[in-house]
Amino acid sequence: MFCDSFAFAQVMSCFGCFGGSERSRHSPNPYDDDTYSHDSGETSNPGGDDEEGEEEEEVEELSRSKRSEEILKCKLQNGLVCRQFPVKETNKLTRGEDEDGNKTINEFVRERKIGSGSYGKVVLYRSTVDDKHYAIKAFHKSHLSRLRVAPSETAMGDVLREVMIMKTLEHPNIVNLIEVIDDPEFDDFYMVLEYVDGKWAYDDSGPPGALGEITARKYLRDVVAGLMYLHAHNVIHGDIKPDNLLVTSTGRVKIGDFSVSQVFKDDDDQLRRSPGTPVFTAPECCLGITYSGRSADTWAVGVTLYCMILGQYPFLGDTLQDTYDKIVHNPLIIPEGLNPRLRDLIEGLLCKDPNQRMTLKAVAEHPWITGEDGAISEYCCWCKRKAEEEEDQNHS
């Protein structure tokens, strides 16, 4: 999944708004322990819910997480996954060293650590089977089981849900899960992910820290394509932000980190509490009211675009509460002289009213997005191809 120093935030780290970027408490990328989350001890909700209301929220969110897990288990048990090849599941772990003294797990040879977070670490390994590199997220099950992310939920639940979600998905703009290694005799748990060894197609036009329109358009097209696929499969990412977008050597963007994602049975994507990164949080999420997960993801796309174009956050306060207040109440400021089509797109994505906010379908067809490449077409995914093949067979 991970590439060395190729998160958007690191590319733009020369600009102050990214140098002090706040991490979601779940996010292992860019690998530092989190410093600014919903559980920071500050008031996280301008609506000011009382303790009874917070308890009700907790029960509701726990129920939502359990429903996500039940939906995912049902999909996996019945083969309802959008993957041509299933994720490999390995229940036997063998540790050792190669002839050069490098540590090994099964057929993977350790090369170097490429990151760490509050849950575990990410290490670059090379496979002796295909000689390819893989990014392996390593966890200790005992640590995850003790680590509370909510009064009734542990980090182990987050990781297992992330694994189940990634087992059901396959898309060129989404990081691919290759294998899960979970030996009951060991405390270790491994997620083997594709390694994105990319170089930035960085265009230094525009303000310091920004990417410029050409690169931003290219990247945003990939983000929208991947997110449209997720939403079509009833998956809400929940934490779209530059840190979770990785770029390949060919300039393709891949969405990663599904640790706070949720799955729905149908179009009912209503959520109550946002576990994502505060500065990317939609206004309705700040108010402690029920909101649409899809619409909140779309707002986060808007914040990401704003960052890519202008090199700063649209709303940022000195404290968590101040940030939420600005997201809810402050007007959106866009500098004069910006491309009118780009301005229109940013305003549509960052519309505070979720009912008036631009949809991803509208974004895919927006003039600034289409440019010379045309509208973003719907991806013909594995489950869609399979359904079409079955339909053709029934007609033949």
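Placed from the backbone N, Cα and C atoms, the Cβ positions cover glycine too.
The feature region 'Disordered' is assigned by Swiss-Prot to 22-65.
Residues annotated as compositional bias 'Acidic residues' in Swiss-Prot: 48-60.
Under the heading domain 'Protein kinase', Swiss-Prot lists 108-369.
Under the heading ATP binding site, Swiss-Prot lists Ile114, Gly115, Ser116, Gly117, Ser118, Tyr119, Gly120, Lys121, Val122, Lys137. In the three-state DSSP reading, Ser118 (ATP binding site) counts as coil.
The active site, proton acceptor annotation in Swiss-Prot covers Asp239 and is backed by sequence analysis.
The Cβ of Ser261 (phosphoserine) lies under 8 Å from the Cβ of Arg161, Glu162, Ile165, Val235, Ile236, His237, Gly238, Asp239, each of these being in the same chain and 6 or more residues away along the sequence. Feature annotation from Swiss-Prot assigns phosphoserine to Ser261; the stated evidence is experimental evidence.
For the ATP site listed in the record, the two most distant Cα atoms among Ile114, Gly115, Ser116, Gly117, Ser118, Tyr119, Gly120, Lys121, Val122, Lys137 lie 14 Å apart.
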